[in-house]
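Asker: This is the structure I have questions about; it appears just below.
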Amino acid sequence: MPSGSLWRVLGLCLLSVGAWGQEDNEDPLEPSPQTSASARYKVSISGTTVVLTCPEDLGSESIKWERNGDLLPNEYGEQLFLDDFSEMENSGYYACYTSNSLEKNYLYLKARVCQNCVEVDTMTAVAIVVADVCITLGFLLLVYYWSKNKKASSVTMMRGPGAGGRPRGQNKEKPPPVPNPDYEPIRKGQQDLYSGLNQRGI
């Protein structure tokens, strides 16, 4: 079997196992979510407060709210305000209905809220990431060129005249060292013991 077909078969197997596992995870005690095109809930989050707005097709009759099949007391308006929303305690299936409603439309709500969160749209998030990457790359290039120049200057200072070629850099300005006095050349006009060859008669 070619490798491409093997990957397709493996993908189909994983997909079927995932769908089968998802069906098994449904709790039969929880209400099944039913949504129609006309029943659309509106959800707005501000800080730690979540506001649910009932669909418009229910009219202005007395609206009741329930969560996970239990009626919420003292909640009869078109909007349901959930202050200090907790993901663990307040998540679940919500429904709003009137006494004349034939069926209930459920909304599964699971949200994470925080006190000082700021909502950022997609373009702003992408711009922040791109700017961060560009600044980081620019900083890395500056460090690279600075370390490269520092290494080149240190190699130039350490190289001596015998390392091949003329001395460069600061060695160019220094005068050559004074010769050793033991090997100092004889000056003209100076007569020392060994300044010339004397012939002796035999």
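Each residue, glycine too, has its Cβ placed from N, Cα and C.
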Asker: Looking at Swiss-Prot, which of C13, C96 bridges to C54 via a disulfide?
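Answerer: Of the listed candidates, Swiss-Prot names C96 as the partner.
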Asker: Looking at 22-29, 174-181, which one is region 'Proline-rich sequence' according to Swiss-Prot?
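Answerer: Feature region 'Proline-rich sequence' in Swiss-Prot: residues 174-181.
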Asker: Go ahead and report the DSSP secondary structure tallies for the domain 'Ig-like' (33-107): helix first, then strand, then coil.
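Answerer: For the domain 'Ig-like' (33-107), the helix, strand and coil counts are 7 helix, 29 strand, 39 coil.
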Asker: In the structure shown, which of the disulfide-bonded residues C54, C96 has the fewest Cβ neighbours within 10 Å?
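Answerer: Across C54, C96, these disulfide-bonded residues, the one with fewest Cβ atoms within 10 Å is C54.
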